[in-house]
């Protein structure tokens, strides 16, 4: 974000012109009368004629009917046939024009420039003119369907607005004429949108209308109005239906306004929203996490209600309702995993791939195993026995009162359970009474996870009691009350069947909400006593619960929307950075039109539709109804980058923590559509509840970007302030300190959750990497680390733990040696500079970061780069059997500036410093006397080990064939750490000898041939890396750490042996980590300390680069520590990055769900209709109260840009 503040334009000049061209098209249904450029008059005349054609045909039928030449039905059929013929002619002409122009279009590809292109018109029926006016359909089936529907619509529309019918409804010729004229305008709008050209709707749900559903929207809404009129015509005299026809004929005239304002939803959104509302409030279910699950659950639940209507016995209805309600409220997604193991079932959720989850998947509820089946079967059996006995013995024994038999004790039990559960839930969070007052019982110590857990134990005990009462006692008390209700004997009516089907289902599906609804119904019954409530009692308990649940939901939405409305209005003036020049005028209008604003809020709550603040200004509209998920696509789409892996790693541990928090009630009442925000260090986690049932919950976890923009930083700072006020508070609170000073904020802190995450620490290495004293030690540390790795390699090879070199990352997998002392899966620890081939293979295997290999710390502004000669390329060629120098050798001593990273931009690299690599070294003629530099395997001297056990530590023959003069090795021989070699050999020796004696160990140490072998290999690696002299340049150290080894005379030999090259590179990285630790903590005091440190590096650390696949795998497999060396190109400094895996407190707060839905509705309107994709637009600027920028980020792509989004995560909550 570059510009911030109230002066940012809502729409730039270009978008304003575009909007005022598009909006009239939307109002009129598609005619383009405002083009922005000059067009011949016949273009406008043709559109006007096509627009009025339905009215012409309808007028012919109406005239013939008025002249009594035809009956109403025949006149309507005539008008429909004429319209059908005209529509067929238009479609045929559009097809002919498409073939004449020869334009080939890819189906489903949106033409985003259709409103911007300038067309050269030749004459009134030229192909260009026809295609401009009537583009035609993409699918042949739609040509037939839309043409037939156009005729049907015109025929029924003519019948709907006959003057005789209108006069019979209103009894006035003048009113009938006005309604007749305006109704035909609306019919013309719908017909034009269906046949000629479809306008872009303000109510847009899908980003692309692939199957051409949008043209059907307006005609089908008109057919809904017509269906009511037909029902009144053919049914008997029903006063209510006649009144509905009068009202709907008037409401029919406002359809263009409703279409223009985007209140009426598209057909796909209408279908999903209708099924969701019917499932939740009519059948007792829950919103689903996907459209397929919603469709299947709605069908099965509706089938249960139909079966209840036809079951003759009330006892059978009760038993069937209880059993199906319980079964349908369970997590049915686990049914397909019964035959799978718990690890596989847990892995299918997408939480972990290749790592051990923090919460064991074998714990109760993660998969549908024998324990879960036994518990569910026991609960179902007890429930059926209970309701069967109670209904049999007490259901038929009714007295004259409203609460017969033993219902009064059960009623009081329900009231007591509600009071206890509400109290125990209220004390679990950081705030009480709707987030107004601080909870004095909540732990105030946040210094460590262990201390927090100790102080949280009393609340945990209270939560366990609540869990038993809510999930085990309350459902049985509620079904006992329902099974003895007298209205069960009136079941054979549609309303009562639906009511009791819902009542017995919601008891299990959402026990907390069902308990509240039951308390309201019971309270009314107890307050009425023996008095009859005529309208209320006739409904029956099931329908009463349905109405109470609907009323509570709509009232809750109204209050949340009202709070959001007040927040938008007040902050538009109080926040200086949000105060626009029109703020005062808008506030005055809202104050003067206060009843209208309240009506808009009430209407949006009644329709369960988002309250849309236009451009996030205090201009409120009713958005079109849509499902709770707000977005049409599948859950789990994101815009991945390198930082996405952190959210992927923590999602499993966070799901386990959320499981406990939901069960305890720490996060309040958790209902589908609720949104939560978690904060830890620089990470923002967005949590959305998708589905809720008995003992399970389904959530979607999103991760927001870590590289914060200015807007992101402003809102993140306010989030930190809100959490600090809730969790970092004094032990004793004063009267004023007990209030929530941020109550008006969209975020209300709830709880702190212990989550196993990586703590990220970054240090500037100035004074460490550029210190000459430290660099002088680096050479010795490198040799010690390389010797240790060579000996360890021999031990691993002897025990059979080494894998073949065909592994993609060249490292080991699971190691269980005595030295590793660990049983967890190890990441590929061998460091590899990845080639293009390996990166491509990794991108194919990755499922979370589909384009991980294409991302880098800097965007590549210059596109694909030319092929570069890197160590990685040499290694890849050697692996597949190509000659090492097939593509041409580089100049001796030259440095390739663009070879540092395969994926880093060339422009991001600063000029390298002189490295002193011996430029001018004489060229080597490999055709002459090659034996000077390379000996054949047969000419190598035979190694005569003095100790039989030395054969275990023998190295491959090729590692002794370095093309180096013996004099050079002899000159560097004093650098070899003999004492360290003997010490390490003494430590590794027992690992391969078992119970070795002191004499055997001593003989092993005194084997000179073994020492010379390891000395030759270690010093050859030292020369090949160009480190035979002490390191003097930080840039050279950094390049070696990154694997960008400059050319030396031994580099080809070293890179030809993949295993040795990896060991050498890893040894150098170990030595740099030793340098870093010794500079920070002090030097190593003994060989034992150095040996244990190297063991710790191998076992608990990944030391490499952020861009490597091993870094990604290590985070997923939860390696305890990770270290990376980096370079800040802007500051010219080197940085060290350390990741530490530990339990940390992630602070979680509840967001105003209606505020989120409203901002997402505006985002959808603004980007899909107004196409306002300006990155500096007003509606994306920072808003500390509404958290506007974070909310936009959390939207699903392509409108939002979360860097991580999990698939729906199902986890238990019992």
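Here the Cβ of each residue, glycine as well, is placed from N, Cα and C on the backbone.
Because the structure is a prediction, the values reported are computed rather than measured.
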115-138, 139-162, 211-234 - the one TrEMBL records as transmembrane segment: 139-162
Correct range for transmembrane segment (source TrEMBL, candidates 75-98, 339-362): 75-98
From 459-482, 483-506, the residue range that TrEMBL assigns the feature transmembrane segment: 459-482
Touch test for the transmembrane segment (139-162) and the transmembrane segment (459-482), at least 3 Cβ pairs under 8 Å: no
Mean predicted confidence [pLDDT] for the domain 'Pecanex C-terminal' (1037-1206): 92
Residues of the parent chain within Cβ reach of the transmembrane segment (586-607), under 8 Å, 6 or more residues beyond its termini: 554-555, 557-558, 561-562, 565, 569, 572-573, 617-623, 625
Contact call for the transmembrane segment (373-394) against the transmembrane segment (459-482), three or more Cβ pairs under 8 Å: yes
Long-range Cβ neighbours of the transmembrane segment (459-482) (under 8 Å; 6 or more residues past either end): 318, 322, 382-383, 386-387, 390, 407, 410-411, 413-414, 417, 420-421, 424-425, 427-428, 441-443, 488, 500, 503-504, 507-508, 511-512, 514-515, 518, 522, 541-542, 663-666, 694-695, 1214
Residue numbers, six or more beyond the limits of the transmembrane segment (414-438), whose CB comes under 8 Å of its CB atoms: 459, 462-463, 465-466, 469-470, 473-474, 477-478, 481, 512, 515-516, 518-519, 522-523, 664-669, 726-727, 729, 733, 737-740, 743, 748-752, 1150
Contacting positions for the transmembrane segment (75-98) when only residues 6+ beyond its ends and CB under 8 Å are counted: 50, 53-54, 57-58, 60-62, 64-65, 125, 127-128, 130-131, 134-137, 143, 146-148, 150-156, 158-159, 162, 191, 195-196
